[in-house]
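First the structure, in the form of structure tokens, and then the observations on it.
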Amino acid sequence: MPSSVMPTTTPGAGPQAPAAVSAAGLRKSYGDKTVLDGIDLRIPAGSVFALLGPNGAGKTTTVQILSTLISADGGQAQVAGHDLATAPQAVRGAIGVTGQFSAVDGLITGEENMLLMADLHLIPRREGKQIAAELLERFGLTEAAKKPASTYSGGMKRRLDIAMTLVGSPRVIFLDEPTTGLDPRSRHNMWQIIRELVTGGVTVFLTTQYLEEADELADRIAVLNDGRIAAEGTAEELKRLVPGGHVRLRFTDPGAYRDAAGALPGSTADDDSLTLQIPSDGSQRDLRSVLDRLDAAGVEADELTVHTPDLDDVFFALTGGAGVPAQSAQSAQSAPSDATKETVR
Ligand SMILES: Nc1ncnc2c1ncn2[C@@H]1O[C@H](COP(=O)(O)OP(=O)(O)OP(=O)(O)O)[C@@H](O)[C@H]1O
């Protein structure tokens, strides 16, 4: 998977920004099954936070607790400055939630769905109509506004769902798997919508099973596994936690391939494809040393590719028991900066 990084960091969204969501020691069990076993979170205001985890890891449970839909068995949390336990009503007034199961009523039109939300927020009719019209326009739904929502495509329904969430001007939005089931174009549209929300100062807490989505959107990512946060950091920090970085050299001339193999003793050779794989952290220094050794041997590779682990590697390593130790946020944050996957010919 190509690793592109486009963090949506906005001014004021750094770790020092006030927390839009903070949680300490959140616990939740169903019967004798422990779903959350002490979750700590701190999400700066105006940032995108992605919670990743395999099926059944507890992502939806976390969203349900933080959005006051269910209560935790232990721990504490503040959302938009309000305590979950003592001021749930204030939390509800400050958040929007778009779940895996849409709040859209298919029997009524898109516009009527919006007006219903405005009524729920006790917004006067005239103002409600104006807000509905603005949001429908913003989400490209003006033309379809008078049609029953059941006639909308999956992408349109999802956009209407988010538009409905925005009626109450929430400061924190929880998006539970916002692009599941969407085609690539609709998914990219949704990403654009999420970026625009953050530009407008909203904090987005999203759960996703798409690592590419977290990589594209999130300022910070946490991986939930076995009821705990197995790792937390930026996409780049997380990628540095797993081994597997290497330089791959491809040759067309078998003689050059053999000479290069002799010059690079630590490499893994593949005689069929005439490629050599050399463990590397992808740093400039490492790369230069490989090139110097090739120069000294008088050989030139036909293709050189630098591979750094992507989020897939991180996910499998952290959630599959592949031997990467669970990490503290501190150790991820202190890792040095590094390059991502790129090809040099
Ligand atoms: N109301 C409930 N009663 C009993 N068990 C529940 C309940 N809600 C969730 N669970 C269990 O808690 C665990 C976590 O569920 P949750 O929906 O939070 O996971 P998830 O990470 O969102 O998964 P997915 O990616 O599949 O949506 C699962 O094992 C689930 O079966």
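The backbone N, Cα and C atoms fix where each Cβ goes, and this holds for glycine too.
Small disclaimer: the values here were computed from a predicted structure and weren't measured.
Taken from TrEMBL, the feature compositional bias 'Low complexity' covers 7-20 (among others).
According to TrEMBL, the feature compositional bias 'Low complexity' maps to 325-337 (among others).
What TrEMBL records for 21-251 is domain 'ABC transporter'.
The annotation region 'Disordered' is assigned in TrEMBL to 1-20 (among others).
Below 8 angstroms of C-beta separation, residues 245-252, 254, 287, 290, 293-294, 296-297, 299, 306, 338 of the same chain, each at least six residues beyond the ends of the region 'Disordered' (261-281), sit close to that stretch. Look at TrEMBL and you will find 261-281 (among others) tagged as region 'Disordered'.
If you look up TrEMBL, you'll see 325-345 (among others) marked as region 'Disordered'.
Secondary structure of the region 'Disordered' (261-281), assigned with DSSP and counted as helix (H, G, I), strand (E, B) and coil, comes to 3 helix, 8 strand, 10 coil.
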